[in-house]
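> After the structure tokens below, expect a handful of questions from me.
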């Protein structure tokens with residue numbers, strides 16, 4: 001619809017609103033619906049026309065008017081509430097004198113109404129409500145998108161989510177499913193004896209991940225602060241304090257780019273288990289994902305963007321190096337060693353920075369040639385120590401850590417490891433991160449002296465993991481973009 005036409009309709013609706021104000025309040029707030037459309041349909045759809053007439057069942061409903069057909073003294077209206085739609089049958093003889101012509105006919109699609117009436121079935125067999133009383137609860141001034149074209153512009157859907165939710169059942173179902181998944185995850189960890197906690201969103205030192213933070217300033221304390229990039233270091237402080245199993249579901253903030261898989265503000269669950277290993281967490285994660293598929297989606301086989309993801313089978317487990325060799329059959333193990341890795345990467349078209357060590361080069365090769373090919377649930381293990389500043393070194397090979405990442409449909413969904421609890425080793429790794437930051441890497445970590453102090457009190461052997469809730473919801477709702485599963489995703493400034 002052109003802006004000019006839209007503005008004309010808005011002016012017309014404002015004129016109707018002025019007339020409605022003269023005869024009453026077009027924003028009534030004392031109507032209490034007792035029924036939902038979908039509940040009514042589920043309970044009474046099996047009744048015959050005669051059975052409904054005998055039952056004389058009165059219901060009351062409130063919602064948005066999505067269709068209105070005036071046929072003289074009779075009108076048909078479709079009302080949509082949070083559960084679905086139902087048809088209303090409105091006749092002038094059931095309403096107060098002159099109400100039908102002077103008020104009801106001035107109502108528009110998009111208005112919010114409340115109605116009381118008796119259930120019946122039309123001659124076509126559609127379950128409907130024969131109205132005894134109907135009220136305007138909110139007059140809508142902006143017209144909804146046309147019923148045939150709906151709201152198809154993706155950018156408008158993201159910017160005006162309120163309209164998207166009105167018009168698109170798929171969007172409504174996506175966010176209902178998101179809520180179900182988060183509740184399921186919370187119950188899953190409660191059932192496994194984890195304690196839910198809350199840690200600071202504003203931090204004096206942003207830690208727990210390699211990412212660029214958002215900065216702010218605390219006026220009363222007269223100090224710079226940062227929106228957290230991860231709760232990890234605070235959750236591990238709780239492990240040190242004796243809380244052996246903790247989890248947190250909350251927002252993280254990373255001052256990075258936008259993509260179909262990245263939003264600067266996103267939801268994660270992080271959880272930590274004392275006396276556990278990264279193997280324990282892989283087992284727990286596999287159980288969690290399989291349970292979500294079965295209990296929330298109804299099947300261990302979940303279709304995502306045309307691919308059948310099998311959550312019933314045991315998830316594949318393979319190391320970083322072995323996965324590179326598997327998906328690059330022309331390479332051999334020595335192509336990835338200290339002597340040859342840089343040349344191998346350059347042959348693959350990867351630009352190498354001078355300060356990169358072997359571990360960073362191997363990860364770049366992995367991300368370039370392997371990551372997007374990991375369709376089925378796969379744990380990638382044995383990440384290099386160089387790119388794992390908070391993970392425990394492997395006992396047999398200090399070049400690698402006891403770390404994994406879970407990939408599904410070519411996307412990283414989870415990251416976990418046995419935690420580094422050697423305070424001296426952690427201090428040295430923090431120092432290396434600071435050196436990288438001084439060289440211009442603004443995603444490197446800060447030195448967190450208080451966390452080192454906490455580690456010096458002793459942290460028990462611990463494993464921890466973070467799972468991206470938004471990406472997980474993408475999988476279980478078949479959503480191609482992270483913006484489809486975040487109610488109000490970040491967008492570039494709107495061009496007026």
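Placed from the backbone N, Cα and C atoms, the Cβ positions cover glycine too.
Sharing the features that Swiss-Prot gives for it:
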- 405, 412: Mg(2+) 1 binding site (BINDING)
- 412: Mg(2+) 2 binding site (BINDING)
> Among all the protein chains here, how many other CB atoms are within 10 A of the CB of residue 405 (Mg(2+) 1 binding site)?
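The answer is 20 other Cβ atoms.
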> If you count Cβ atoms within 10 Å of the Cβ of residue 412 (Mg(2+) 1 binding site), leaving out that atom itself, what do you get?
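If we count other Cβ atoms within 10 Å of residue 412 (Mg(2+) 1 binding site), we arrive at 16.
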> DSSP on residue 405 (Mg(2+) 1 binding site), three-state: which is it?
strand
> Tell me, by DSSP, whether residue 412 (Mg(2+) 1 binding site) is helix, strand or coil?
strand
